Amino acid sequence: MKNRLNVLLFLLILSTGLYLTRSFWQGWIVGAFSVLITITVVFIGIVIFLENRHPTKTLTWLMVLAVFPVVGFIFYLMFGQNHRKSKTFMKKALSDEEAFEKIEGNRQLNEEQLQKMGGHQQLLFRLAHRLANNPISFSTNTKVLTDGKETFAHIKQALRMATHHIHLEYYIVRDDEIGQEIKEILMQKAKEGIHVRFLYDGVGSWKLSKSYIQDLKQAGVEIVPFAPVKLPFINHTINYRNHRKIIVIDGTVGFVGGLNIGDEYLGKDPYFGFWRDTHLYVRGEAVRTLQLIFLRDWAHETGETILKPSYLSPALTNMKDDGGVQMIASGPDTRWEINKKLFFSMITSAKKSIWITSPYFIPDEDILSALKIAALSGIDVRILVPNRPDKRIVFHASRSYFPELLEAGVKVYEYTRGFLHSKIIIVDNEIASIGTSNMDMRSFHLNFEVNAFLYRTKSVTTLVSDFVYDLEHTNQIRFEQFRNRAWYYRVLESTCRLLSPLL
């Protein structure tokens, strides 16, 4: 109630101030415009207030509207509206339920297998099942791929071996060397009669050439943009982007992780140099869930529902048990902020260690508090971030969180070998998450994401080893040294942090 009163008081002061300043302006046009702006700002402020957002985000938007009323109003229409609880994604939510009915048998949690887990591990996977309805598989093999060279070598080989269908879903696709290689393989497979479907994000891949798309279409590839933006008409859902990176081949082989399709992911960009990223190669039952995630997104964009047995039939269910694997999709089409809640559960259930790798580290208050409490409780909390920016505002906003984390005992490291783009969480060396979700508010609240949650698989052991190896190529940030950094860095970081609820 106190927060709401503060917001209402802010709106009252803002409205009064803007109205009084109108008397100092010259001309009735300017006066009328000021009244219009006042009414608009107050109206939008009331709308934001009634949405019951987090107070920090509410006040940030009000500040933007107050300082930059015209630009702030436009930005709010483009990026500020909350559609999670609206009917914007209703069609997609309905298709989810229809799709899950097709694999009901595989949705049931394997109680016998779950009993082998520890208590807090059981709670995590049950929570994931409740939030996302996705099953856990104990008949899936996974392999960690640690850079672009290894990842694209596996992807190209798997694509060439396809016999029935290829499904791709990517945030960024570039018409460069690796993009051309992937295109040529897809065109060849389509000409062989393989059904190829390609879903790319309309904003992330806005530079993708028309000739690239046309070549694929002429070869028989079905390629569709996700939520395309057609200037000058900007859709109000422009801020909700498909950040997923999924490949499914013949329903039995899948890929998921942090790498998009572009030469920079192979370390060919001179600014970034070596690109440290992580992808997951998947074979077996859990591929069905990746398939389902793709088919739901495809149905949402095209209206074409492809829930056939040839796509959703059991995939290599006789594979040797290699621990539990659970594919989880999250996004604004879900009732809950799934990835955030699962990350929070992982952090709060940790007994020994929490190791996080994230290129964009902008936690909300819940995650930030959980990390500090864990460190203060004696848990080994380590966070690995890049030491060079690709998004400068995000980079400096991220650094503003370091002092309070360091003071609580969290160890923060900056990766120095190249650019770090992996999105990993490892808890107690037993449970891990690998996928597309960053530890930031955009991934929590706005983007469509997908993550693989792993329990006691060989891949968890690999991720632990990779994290230890990556630490050899870092500089550890020390609290005393960092808090004595130049004042202008502190001002810059604090300013960027003010915008963090909007990033």
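Keep in mind that glycine also has a Cβ here, set from the backbone N, Cα and C atoms.
Pulled from Swiss-Prot, these are the features on record:
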type: TRANSMEM; residues: 5-25; note: transmembrane segment
type: TRANSMEM; residues: 29-49; note: transmembrane segment
type: TRANSMEM; residues: 59-79; note: transmembrane segment
type: DOMAIN; residues: 238-265; note: domain 'PLD phosphodiesterase 1'
type: ACT_SITE; residues: HIS243; note: active site
type: ACT_SITE; residues: LYS245; note: active site
type: ACT_SITE; residues: ASP250; note: active site
type: DOMAIN; residues: 416-443; note: domain 'PLD phosphodiesterase 2'
type: ACT_SITE; residues: HIS421; note: active site
type: ACT_SITE; residues: LYS423; note: active site
type: ACT_SITE; residues: ASP428; note: active site
Checklist entry - So, by DSSP, how many helix, strand and coil residues make up the domain 'PLD phosphodiesterase 1' (238-265)? => result 3 helix, 11 strand, 14 coil
Item to check | Least buried by Cβ count (within 10 Å) of the active-site residues HIS243, LYS245, HIS421 | outcome: LYS245
Item to check | HIS421 (active site) to ASP428 (active site) - Cα separation in whole Å | outcome: 22
Checklist outcome for this item: DSSP assigns the residues of the domain 'PLD phosphodiesterase 2' (416-443) as 3 helix, 12 strand, 13 coil
Checklist entry - Measuring Cα to Cα, how many angstrom lie between ASP250 (active site) and LYS423 (active site)? => result 27
Checklist entry - Using Cα coordinates, what distance in whole Å links LYS423 (active site) and LYS245 (active site)? => result 12
Next on the checklist: What are the sequence-distant neighbours of ASP428 (active site), meaning same chain, six or more residues apart, C-beta distance under 8 angstroms?
Outcome noted: ALA350, LYS351, LYS352, SER353
Checklist entry - Mean pLDDT over the domain 'PLD phosphodiesterase 2' (416-443): what is the value? => result 96
Item to check | For LYS423 (active site), the number of other Cβ atoms found within 10 Å of its own Cβ | outcome: 25
